Amino acid sequence: MASPTSRLFTTQQAPGRALFRLYCFLFVAGIFSLFYYRLTHIPADHRLLWLLVSLAEFWFAVMWLFQQSIRWNPTYHVTHPERLPANLPPVDVMVCTADPDREPPALVANTLLSLMAYDYDVSKLAYYLSDDGGSELTFHAMYLASIFARHWLPFCRKYNVEPRAPQAFFSTDNPVADSGGGTFRQDYSLVKEKFEEMQDRINSTVETGKVPEETRRLHKGFNEWNTKLSPGDHQPIVEVILRGNGGDRDAEGKPMPKLVYVAREKRPGHPHNFKAGALNALNRVSAVMSNAPFILNVDCDMYSNNSQTLHHTMCFFLDYKESHRIAFVQFPSVLIYMELTAIMAPHIVAPAQFIAVSLSTAGNSPLIFNQNGMRNQMGLMYGCPVEDVYTGLALHSRGWRSVYLTPERKAFLGLVPQNTNDTLIQYKRWSSGLLQVFFSHLCPFTHGIGRLKWGQIMCYTFYTFWAPWSLPILCYALLPPLAMVNGISLFPKVSDPWFKVFAFLGIASHAYSLGELLWVKGTVKMWLNETRMWMIRGVSSFLLAMVVTVLKALGMSESGFEITSKVIDEEALKRYKQEVMEFAVASPMFVPPTTLSLLNLYCFLRSTVLVISKGGPSVLDHMALQMILSGFIVLVSLPLYEALFLRRDKGRMPTSITVYSTLLVLLRGDGGDRDAEGKPMPTLLYVSREKWPGHPHNFKAGALNALTLHHTMCFFLDPKESHRLAFVQFPQCFVGLTPNDLYAIGLIRSFERIVHRAGIAFKRLAISLFNPQKESVLGPRSSEHK
C-alpha cells in the first residue's frame, strides 16, 4: 500500500493529436468550399432537388463538426490497484432482468455467479437481482446458483481462474482443463459436474414451466408463487437467499456474500418506468439492507470477465485528488463473438457503471449525497428509454465527472444480438430515447449552457441526434440515383475544378474512418460492416425512432421498452460466426434499406448501360459522382442482395420483404423508360405471387387481375352516372373458334342482351373481364346511392 497522497490513477493523452487537427482544418476548408459551390451554382431547373441535397450535406457537415468533439482531446487512464489501502469500502451489486422467455434464467444465474466470484472481501459485497417479470423460474435459478456458488467461489479463490463466469470457463472454447495439475483437474471435473447439474435443473424447469415440489420446500420464498402471479400484476417480493455477514458459508467454511431477490410491486394502470424504476426499487431495498457507498449496475446478459474490476474502479473513487468529483465509472460494451473496436463517448450507454453514492430516500424520489454534503436529486431519472444517459446528463450538469475505463483485460462480456431485427430494435430504442433527451428539460443546448463544457454539449448533441440522421441519409440514398436515371446532374462534372472538392471530402472522410478502425486493430471487412449497418440503421431504426418520438410529442403514443432476445439459436449463431447476416422475420424495418439497395442497383446498372451504349465519356463526365455514390451503396449492400435472391437458409430475407421492396422500385414513377420519340413508357410489371402448400391462394380472385381501358373511364368519369356504378363488364370473346363452335364456348353472345339489361355477372358464362370501383369492393354503398 502506498502513501495516502499517492495517485491511484494517471491520465495520459493519446498520440497523433496534431495530425488529427491538421486533418480537421483541411476538412473544414473543404466543407466551406462545398457550400460556396452549392450557393453559387444553383441551377435554373430542378432547384428543389438541389436544395434537398444541399440541406442533407449541411446536416452531414454540422454532425461531423459535433462528432470531432469526441476525438479532439483523447485520453486514457492507467490504474494502480497495488496502491490501494487494505480496507476497501463496501459495494452493492445490482443486476436487472425482466422476461424469463427472452432472458433465460440460466443466463441470469451465470451473470450472478461471475459477479459473486470477484476477488474482493465478500463481507463488503451484497448482490441484488431485480426480476421485473416476477418469475418463479428466475427465483429458482437464483436459488440453485446460490447452492452452486458454495463450490464455485472456493474453486475460483484457490486457483485464481479467469473468467469467473462458469458458462464461459467450462466452455469448449476455454482449454484451461488441460493446463493444470492433477489436483486442479480433479477439482475442475467435480465443479464442472455440479455446474452441469445446475444447468440441467434450471433448463428442465424452464421447459416444464414448473418448479419441482421437492425444491419448493427448500426455501420459503417459493411460497410467494403459491398463487399464480402475472408479470404486470403482483405483490412486492423481497427474499434473502444468502444472508451475508457470516450467516451462510461455502464448502470451505468461508463466509458468503449477501444475495437478495427483488420483484417490485406492479399493478395495472400504474406506470413502472421500466429499468429505471427497477433500479430505483433496488436502491431502496439496498439502502435498508446494506447501504454501501458504491453501487455496481450490470445487465443480466453481461458477465464479469475480470475479477479485479472492483479494484480498478476503487482507484478512481479513492483517489485523494479526484474522488470527490467523480460520480460514476463506466466500462465499454464488449460483446461475445464480436470485436468492438470503436471508442465510445464517456456518457454513452455502457453495460456496467459504478455510482458513488450514499443512498437515502425521501418520499417517492431517492436522493444522493456525496461526502461533502452536496445534495443531488438522483435515482435513475424517468421519462425516456435511455435512463442512464438521462441521469448521466443530469449528473454532469451538476458538476460531477465520470470516467471511461478500458482495462487491459476486458471487465465485462455480453451477448451480441444474433440477428438484424434485434439489432435494429435496440438502436430504435436508443435513438428514440436519445432524441427525447434532446427535447426534454435537460436539452444539452439549453440546459447545458453554463453547466457543461462546450465539448460536452457538442458530444451529447451528436448522440441525441441519432434519429434525425434518417432524413439526410434517406435523401442522399434516394435523390441522386433517381436524378441520375432521369439525366439530372446534382454534382460537378469530372472536368469541373469543383469536382476535386467533392472527391476530397468523400475520400478523406472514408479514409479517416478506415484508418481509425485499422489503428485499433480492425479490418477492412469490419469497416464495410460498420458502414453498411450505419446506412441500414439510418433508414430503418433512426427513421422509425423519429416517427415514435413525434407521435409521443403529439400525445399519440407512449414510450415502450422492447427487450431483445438473449436466447441463443444455434443455427443463427453458426451463421453469425460465419459473418452471414440474419434476417428471418418479416420486419417492416427491412423494407426501406432493401428498397434503397435495389433502387441504387437498378440506377447504377441502367447508368452503366447508358455510358456504354450512348457516348460514354460525355455521360460519365456529367454523372460520375452520382454513379460512384450508387456504386458504393451497391458495394456495401452485397449481403442484402444475397439475402434477397441467393440464400435458401432460414436466415434469408423473407419473400414478402423481397416482393414489397421490388414493387416499390418498379413503381418509382420516374419516367425512366421512353419510346422511340422520347415519350415516357408505361410501367410494366411481372408479378408471381407467393404460394405455399396448405395456404389457399384463391385462384384468379386472389391474383387480383384488373383491366384499365379508356372505354371503362367513359362510365366511371361520367358526371351523371359514375357515382352509382360499381363495375363495368366486358364479354369474353375467343379467337380460333370453329365455324360452328364445336364446344359451344361462344354461347356468351346469346346472353349479352340479358346481361346488359340485368347487370348480372355470370361466372360460368365467362363475363370475367370487369373493372370494379375500389369503393364498391372495399365497402358497402351508402343508402343515398341505392
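Each residue, glycine too, has its Cβ placed from N, Cα and C.
Owing to the predicted nature of the structure, the values given are computational and were not obtained by experimental measurement.
According to TrEMBL:
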ACT_SITE  D132  active site
ACT_SITE  D388  active site
BINDING   E103, D132  UDP-alpha-D-glucose binding site
BINDING   K275, D299  Mn(2+) binding site
TRANSMEM  20-37  transmembrane segment
TRANSMEM  49-66  transmembrane segment
TRANSMEM  466-485  transmembrane segment
TRANSMEM  497-514  transmembrane segment
TRANSMEM  534-554  transmembrane segment
TRANSMEM  625-646  transmembrane segment
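Sequence features, as recorded in TrEMBL, placed on the structure.
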residue	record	Cβ neighbours (10 Å)
E103	UDP-alpha-D-glucose binding site	27
D132	active site	25
K275	Mn(2+) binding site	21
D299	Mn(2+) binding site	21
D388	active site	21
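As a quick check, the transmembrane segment (534-554) and the transmembrane segment (20-37) miss the bar of 3 or more Cβ pairs under 8 A, pairs 6 or more apart, so the two do not touch. When the Cα atoms are compared, D388 (active site) and K275 (Mn(2+) binding site) turn out to be 10 Å apart.
In the three-state DSSP assignment, the secondary structure recorded for E103 (UDP-alpha-D-glucose binding site) is coil. With respect to their backbone Cα atoms, K275 (Mn(2+) binding site) and E103 (UDP-alpha-D-glucose binding site) stand 14 Å from each other. Listed as Cβ neighbours of the transmembrane segment (625-646) (distance under 8 Å, sequence separation of 6 or more from its ends, same chain) are residues 476-477, 480-481, 483-484, 489-492, 499, 502-503, 506, 528, 531-532, 535, 580-581, 583, 593-594, 596-598, 600-601, 603-604, 607-608, 611, 652-653, 657-658, 661. Rounded to the nearest whole angstrom, the C-alpha distance between D132 (active site) and E103 (UDP-alpha-D-glucose binding site) is 11.
Cα separation, D299 (Mn(2+) binding site) to E103 (UDP-alpha-D-glucose binding site), rounded: 10 Å. DSSP classifies D299 (Mn(2+) binding site) as strand under the three-state reduction. Secondary structure at K275 (Mn(2+) binding site), as computed by DSSP, is helix.
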